[in-house]
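Engineer: In case it's useful when we look at the structure, here is the feature table from TrEMBL:
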| type | residues | note |
| --- | --- | --- |
| BINDING | ARG83, ARG89 | NADP(+) binding site |
| BINDING | ARG178, ALA179, SER180, GLN299, ALA300, GLY343, LYS358, PRO359, ILE360, SER361, THR362, ARG384 | FMN binding site |
Amino acid sequence: MIYLYTSALTTLLIAEPETAEPRRDIRLMPVSEPGTSTWEDVRVLRWITAGESHGRALVAVVDGMVAGVDVTSTDIADQLARRRLGYGRGARMTFERDAVTVLSGVRHGSTLGGPIAIEIGNTEWPKWETVMAPDPVDPAQLQDVARNAPLTRPRPGHADYAGMLKFGFDDARPVLERASARETAARVAAGTVARQFLKQALGVDVLSHVISIGSSAPYDGPPPGAEHLATIDASPVRAFGKAAEQAMIAELEAAKKDGDTLGGVVEVVALGLPVGVGSFTSGDNRLDSQLAAAVMGIQAIKGVEIGDGFETARRRGSLAHDEMYPGSDGVVRSTNRAGGLEGGMTNGQPLRVRAAMKPISTVPRALATVDLATGDEAVAIHQRSDVCAVPAAGVVAEAMVALVLARAVLEKFGGDSLTETRRNIEAYQRAVTDRQSPAARVSG
């Protein structure tokens, strides 16, 4: 048997004979099967969500957040309201309010250092409490309920088909309930805790804007600053620039008229990160790999790039990197093609992460599929959905980026309270500043 030994300072793999008794003097956990990982189990900050789209509630749990971070249910509700913004959202957004309840981990608006549990109630639950009841229900109660009719015509592009076969379901309902993008509300709730920590510990701002929708010409101007967030949120497509906004709206109007859906590209920007968050020492410690995994895990995201990403691959090396020059306060750069990350670590420049979202797979005019109950040709099931969810995807991506950054900051600086973490950050920043000072360069 191979065991994973973890402590505050080290992680070791220990091989024991198959007949040996587990050692009692150290903390042990069996290593996962090949192809899986236990590294996330020992991360400083962890998060998980639970709940179904039409269930009683969604729940987010954040474990490992330091004590003393100011966060309220209003802060969370404000971020959830931003998630509902956007031209092209469906009717569901007009009546699907988010009722937030902080269940644990916060007292009088300040984190306690223990697990933080956040509940987001479903205002439509009374319509679904029989169909989605956790406990057994008398079949007679379900017999004439239209919502309980088996969904056997999987939607191309959705989790329906693979999920039904993988789990042995004869109905897509159990798949789509959890696979639904409604789950991202819980991620936004968890991300609110992280973004509050980042702002209060480091002064970091995390924001996003839509680069393009469908085939609209992509925005190619400078990235927005924190002062532009209100302007972006006021845009019906969360665009930073009127020309880009008008092109996106035209795309949406055409798709809606044709009974179709659209995807697009969003960019998340994080401002105020110091040099050295993340690591180059192994692939799973690289901040870019963690960010890519977190953002790719958002429903309907099919691609992620850091900085200029794929465009950089088309350039020569002399035009692909961000040259450095001496400045009065240290190194300065005239470009940010790397998107604030080099070698898996932040380099002091604004962090830029882009994500490509595919068109929503619930297409109003319905795509061809196979009825898994009969094996016959059919048209896909149609669940209530949006024409485009790209503006909302930016807010969800902000949350995931904030969570990954908060974890990386805590792994770098540690602390049990916000005060302690700040103290550690300040000491590190002084050392970095001193290292780059003219006097240090001369003496070095």
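Counting starts with 1 at the first residue shown.
Using the three backbone atoms N, Cα and C, a Cβ is placed for every residue, glycine included.
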Engineer: Just to confirm: which same-chain residues, 6+ apart in sequence, have a Cβ under 8 Å from the Cβ of ALA300 (FMN binding site)?
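Structural biologist: ALA300 (FMN binding site) has long-range Cβ partners ALA181, GLY263, MET357, LYS358, ILE360, SER361, ALA389, ALA393.
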Engineer: Would you say which of the binding-site residues ARG83, ARG178, LYS358 has the most Cβ atoms within 10 Å of its own Cβ?
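Structural biologist: Sorting the candidates by Cβ neighbours within 10 Å, the top entry is ARG83.
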Engineer: Please give me the CB contact count at 10 A for THR362 (FMN binding site), counting all chains in the structure.
Structural biologist: 21
Engineer: Could you tell me the C-alpha distance between SER180 (FMN binding site) and ARG83 (NADP(+) binding site) in angstrom, no decimals?
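Structural biologist: With the alpha carbons as reference points, the distance is 15 Å.
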Engineer: What number of additional C-beta atoms lies within 10 angstroms of the C-beta atom of SER180 (FMN binding site)?
Structural biologist: 19
Engineer: If you measure THR362 (FMN binding site) to ARG83 (NADP(+) binding site) at Cα, how many Å is it?
Structural biologist: 19
